Structure formats: C-alpha cells, structure tokens
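These features come from TrEMBL:
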TRANSMEM  21-39  transmembrane segment
TRANSMEM  118-135  transmembrane segment
TRANSMEM  141-169  transmembrane segment
TRANSMEM  181-203  transmembrane segment
TRANSMEM  249-265  transmembrane segment
TRANSMEM  277-297  transmembrane segment
TRANSMEM  309-325  transmembrane segment
TRANSMEM  350-368  transmembrane segment
TRANSMEM  375-394  transmembrane segment
TRANSMEM  409-429  transmembrane segment
TRANSMEM  441-462  transmembrane segment
Amino acid sequence: MGKQKPSVREVHHSHSPKRSLWWFFLVATCIKVLLFPSYRSTDFEVHRNWLALTHSLPLSQWYFDETSPWTLDYPPFFAYFERFLSIFANLIDPQIQKLIWSLIVWSPMLFIVDHVHFQYNGFLIGILLISLSYLEEGRDLLGGFVFAVLLCFKHLFAVAAPVYFVYLLRHYCWGGMIRGFSRLLIMGGVVTAVFASAFGPFFHLGQIQQVIQRLFPFGRGICHAYWAPNFWVFYIMSDKGLAFIFRKLGFSIQTPTASFTAGLVGDSSPFSVLPQITPFVTFIMVLLALSPCLFKAWKNPQPQMISRWIAYAYTCGFLFGWHVHEKASLHFVIPLAIVAAQTLEDARHYFLLSIVSCYSIFPLLFEAQEYPIKVLLLLLHSILMWSGFSAQFYDGTEGNSGATMKKGFVIGWVERIYLIGLVVIEIWGQILHPLLLGDKFAFAPLMLISIYCAFGIMYSWIWQLVYIVKSL
C-alpha cells in the first residue's frame, strides 16, 4: 500500500492562521533583535528615567520630580506600567540596555519608532485595536472600558473620545428612557472606575492639578522640533513667505526670536504676519473637522464603520492638533490597516498613506548607520503590500478575443507621480543638497520632507472624509 495522501482538512489545518501568525511573530522578533545595537533617541533616555523614577521614588513624588529634564508627563496607568517594567529591568539589567518589548504587529513605522527610536506605540495601539474589535463585535461596554484604560496609559489618544462618546451614546445607551438611562449609568460607572483607579492616588495626595499640568504642557508651542507633515506646515510657510515679501516691500516685520527647527521641545517662534494660534483654536478646528464623522456616528451608528471613524478622528487630530509629533501618524495608519483589504479603493489609499507616513518619520533616524535600515524596511513593506494586494484583488477575465485579461492591484498616475516625488525629495536631501549647497540651508531637506508629505496626509484626510460623507 502506498502512502495515503493527506486530506483537504489536514492540509488546511497544517496551514492554520494561528500557525502562520506565530511564524510572522518569530521572524519579526528576529529582525527586531538585529536592531539592538542601533541608534536610540532621547525617548529611550526618557523611558529609562521613568523606569528609574517610578522604581526609586514614592508615588507622591512621581509628578513632582525634576532631577532630570525627562519629567513624567504620561497618565498614571502608563506610570504604573513603567513601575511594573522597572521590577524586571532592575532584576535583569540595571542599565536597561537589553530592555525590549516584543510586538506582533509588523509595521516599518513600528520598527523605526518603537524598536530604534524607542517608544511603546505598538503596545498602546494594540489596546486601541482590542477596543475597536469589541465595538465591531457589538460588545460596547467592553470597548468603552478598554478605551478608558487606553486613555489612562496615554492621553493623546483622547482625540477619538468625541467619536467614542457619540457612538456609544447612540449605539449602546439609546433606546427607551429606563433602558437608556440605566446603560448610561453603567457605562459612566465603568469609565469613572477606570479613571478613579488611575488618578485616585494622586487625587488623595492633593496632586491632581500637578498631574494635569504635566499631561497638558500647552507652553510647548504649536509645532514640535521637527515639523509633523500637517496643516500647520502650510500655515508656517505662508507666514514666512508673507514676511519675506513684506520685508522686500519695505514693511517692518518682526524677526522671530526662535527657530521652528532648532530641535528644542518647548521653543516655537511667533508668527510674523498671520494670526497667532492658541490651543483653543486648534481644539475648535479639530472638532469642526470631526463634525461630519460625529453626525454619521449619531445618525447611523454602524459597528463596521467604527474603525474608519476612529482612524479619521486621529487623522483630524494629526492635521489640526496642537504640538503634534510626526510619530502620531501611527494612530490612524495602523487602524486603517484593518479595512485596507476590504475594497480596491481602500487598498490604493492605504498603499499611498502607509508609504508617505513611513517616509515622513525618516528624519527620526538621522545617523548614517541607520539609513539602510529605514530604506530597506520601507522598500520591503511596499513590496509586501503590492504583492498582498495584487493577490487579494487579482481577477482573470476573458476578453473579446478569447485571451485572458488580468485585473489586479494598480494605482493611478497621480499617485505614481507623487510617490516618484518622494524618491526625488530623498535624492535631493541625501545627495544633491550636500553636493551643491554643502552646509547652507541645512533645514531645507527636513522642510521639504514635511511639506511634501503634508500633501499626502491631506489627501488621505480628504479621501477619508469623502468616504465617510458618502457612506450610508
């Protein structure tokens, strides 16, 4: 008797999704291990200090300690998380040089930001994805609970809070006076309990005002040291352009005393011509940008749309928010991956957005030895996306002549030209600018990256907005 062929069922189980996921995790972890010797940003020192701070000081001093410039400015749950990690860091390696946090999500942005630049975005976005998963399954109470936990880890995720509030109020609480009011009390009680467990100890110590001041340091200015590719890039450039023109015309225009590209968090130059922007103005702009999404969430709260709405909310916060970091694009790029394969248009949009967002954080890795890493990560990611989307949307149809016509993943000529422009920007910054201008206008390559990528992010925002408005 010959060897019996495996059944279809056995073949199917041999390639189960769980087994494939473990292989992806293993390969991704191996790549992350290779990044151990690479560059570490000041964020690495920030988290090292927070580990030391929470481990060596009593809770009452966490938000008052100023022995280091890296003061604790995250909500209490993240402080508790750092305290938890400090236990193992102290046991394994007091210098914390080998501290890692393995992530399952395979993203070049997460590789660059978390495993080279050093942050905890993958861990936090994982909590967000758990919340979205619960909401999509109709388990609204759990979704709201997990999101409240997320806010107590990192308050910058609060940009999506209006969407959560409207959606949960309409989808979970609405429906009759008694039922609606009771569910509102339940949801409110759960959220209150989460925040009480996080902030309660500091409220008991009378330090809640100090904690709030640390969490919301509005004195840092509208822009980060490296301009995030958002709306304010165009505002800044317009102000500088108008100031230059008016000076040429003989007007007396105040020269800014600080530089937008000086690299000092907390320093932002005043605008010379255009009106000054305050945190309240950015808050109103974010709310106005969110209003179509909030209207849709109230009119027809569909669980299958929640990931798109939350991603759109974080896009609005990224474009119009106060003191936005370029790394915050992760907040909407990763959730949009959930819906990227639903339609061909979604795939095209995500393909462009993920490449632009990843390229926009290239300046975070500025040392020569890291250059091949970020380029290869982006190229590999682009190839994998193209291959995956091509397989997903492949369609062989027979034409009039009887020949098979292949329809698959393609992008439009406008998108192609724009992506080619990224290559031109990179060639200019890495080769032509140093060759032709030397050390002159050293800020220009970074400025070009911010401005050019801002067009791509604005395109994504408009694309998402149109999709949401047109949705039923």
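Glycine is treated like the rest: Cβ placed from N, Cα and C.
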The transmembrane segment (350-368) touching the transmembrane segment (441-462) per 3+ Cβ pairs under 8 Å rule:
yes
The transmembrane segment (277-297) and the transmembrane segment (141-169) contact flag, 3+ Cβ pairs under 8 angstroms:
yes
Under a Cβ pair cut-off of under 8 Å, which of the recorded stretches 141-169, 181-203, 375-394, 409-429 contacts the transmembrane segment (309-325) most often?
141-169
Excluding the flanking five residues on each side, which residues at least 6 beyond the ends of the transmembrane segment (409-429) place their CB within less than 8 Å of a CB in that stretch?
344, 347-348, 351-352, 355-356, 359, 362, 386, 389-390, 392-394, 445-446, 448-449, 452, 455-456
The answer for the transmembrane segment (375-394), taking Cβ pairs under 8 Å and residues 6+ beyond its ends, is 107-108, 111-112, 340-341, 344, 347, 350-351, 354-355, 358-359, 406-409
